[in-house]
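Please read the structure below before turning to the comments.
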Amino acid sequence: MDTLMKSKGSDEPQIIPSELVLDVEDATNKDHELTILQAFKIYPKAVAWSAVLSASCIMDGYDTKLIGSLFAQPAFCKAYGELQPDGTYQITAAWQSGLNNGSNCGQMIGLCFAGFLTERFGFRKTMIATLLVIPCIIFIQFFAPNLTVLEVGQILLGIPLGVFETITCVYAVEVAPTCLRGILTSWVSQNWVIGQLISAIVLRAVLYLKSSWAYRIPFAIQWFWAVLIFIAVLFAPESPWWLVRQHRPEEAKVALRRLTSGNSATDFSLQQTLTLMELTLANERKLNPSTTFAACFKGTDLRRTMIVIGCYCMQIISGTTLRAYSTYFFEQAGLSTEQAFNMSIVTYVLEFVGTVIAWFLMPYVGRRTLFLWGLSTITAIFFTLGGLGVPQSTTTLSWAIASLLIACGFVGYLCMEPAIFAVVSEIPSSLLRSKSVAIARFSYAALNIGATVLTSYQLNPSAWGWGAKSGFFWGVSCMSGIFFTYFFVPEAKDRTVAELDLLFEKGVSARKFASTQVHAAEVAERAH
């Protein structure tokens, strides 16, 4: 028996096929009832393939930590830096910000193409093509005779890294059920930490090498990741959502089979999932048929895009750039070079642990709550950090300052980072997800350029030399993040793509997202 419903803006009743309504309701209910353990049993291949593609972010984290830490490495500073009055060598603040921002500039270029390439050629082909160029770029870094050539290498390497930042988050959301989205997107963040940790360990291992191998070995290790991930991605399945967007439902069904376990996912349940995808995209096309970058700033998609931009930029607002300079910061706070590198390793180990704990918190606490907890705690830490930078430096104060920065990193990855990667991937509409994430990451990279320049001058003794007093600045910055989160960031936990579409279409306020009920029948009614 068919169902009668009134379409939006019309008094005429529409006939909705009962089997369609039942498929949508059944698929939505199954998605909500699925526990995390059941999801891992049904979608083990989706988890594995998402992890494979996310591994590309190891290179981003590695490169970010590598460049910032080389400023504290004696061999690198002697080869590329300027002699100081005290007999030591320093990379000037201008070149520090230039080298760190080289990757950001490259990422901005890559992000301009990432959304288009992904939607035109798919996730898998775009990833393969991007991975092919990385080994060539690493040659430039490895043999760089001066800072200018090294800067060119940083810019070029940033281009594929920008593409990775878009692909990994979106792919994780599109291959996973609702209950696994937070875990898989936070795994993207975890790979960033892994990259930083590997970089810190490698740099610590080569710290006392006197030759150019002290910094060339860390550059050379990047070849390993590019080749290994390239081989794995050759066999990866395409995103079923992308295939449905390309009007290739049969191939989408094949991709869904490849992403699920054969024993747990029947053809019927796969068909229901496919029906829900098609119906969701049909409704999004009704609201906004365009898939251009400009479409991200029209109608309800404008609000969604601004939320994603704000959340991505929250990383910068919460002092990520200061933490990226951790090794150099520890040195300027009074620790020896060896102690500074050791403390950096401790920082990244604790950040790794923080993300793991977040996997258990996020399904129950939600993204919005983690944002507010994290930002409030980090704000308090930064103001304390700034206060400790006021008195004359002592050994005790140096260790206290280092401990607070480590605590800041732990809280950041316990609350902020995993939630950010989840929100920026979940909030955009399915049609515009790749482009929205690319726009948000572009905004992040642009803001990061300014923040990196600022941090370089804050810490460099040949510039402003604020040291730990920089905490006051970042404390105020975090307070603006609390304001944005409270009024603009909605809770996306346990919401399917179709439900999020409906909530945004209704204009539900961010503070009421979690408590507003959505019925599966409404989804079917909106698409017909």
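Here the Cβ of each residue, glycine as well, is placed from N, Cα and C on the backbone.
Please treat TrEMBL annotations as automatic predictions, because they have not gone through curation.
Annotated domain 'Major facilitator superfamily (MFS) profile' per TrEMBL: 49-493, in sequence order. The transmembrane segment annotation in TrEMBL covers 126-144, 156-180, 192-209, 215-236, 307-325, 345-365, 370-390, 396-416, 437-459, 471-489.
Spatially, the transmembrane segment (437-459) is adjacent to the transmembrane segment (156-180); three or more Cβ-Cβ distances between them are under 8 Å for residues at least 6 apart in sequence. When Cβ-Cβ distances under 8 Å to the transmembrane segment (215-236) are tallied for each of 126-144, 156-180, 192-209, 307-325, 370-390, the top count falls to 126-144. This prediction places the mean pLDDT of the domain 'Major facilitator superfamily (MFS) profile' (49-493) at 85. Counting C-beta pairs under 8 angstroms (sequence separation of 6 or more), the transmembrane segment (307-325) reaches the transmembrane segment (396-416) with 3 or more such pairs. Where the transmembrane segment (126-144) meets the stretches 156-180, 192-209, 396-416, 471-489, the count of C-beta pairs under 8 angstroms peaks at 156-180. Among residues of the same chain six or more beyond the transmembrane segment (471-489), those with a C-beta under 8 A of the stretch's C-beta atoms are 306-307, 310-311, 314, 317-319, 322, 367-368, 371-372, 375-376, 378-389, 404, 423, 458, 510-511.
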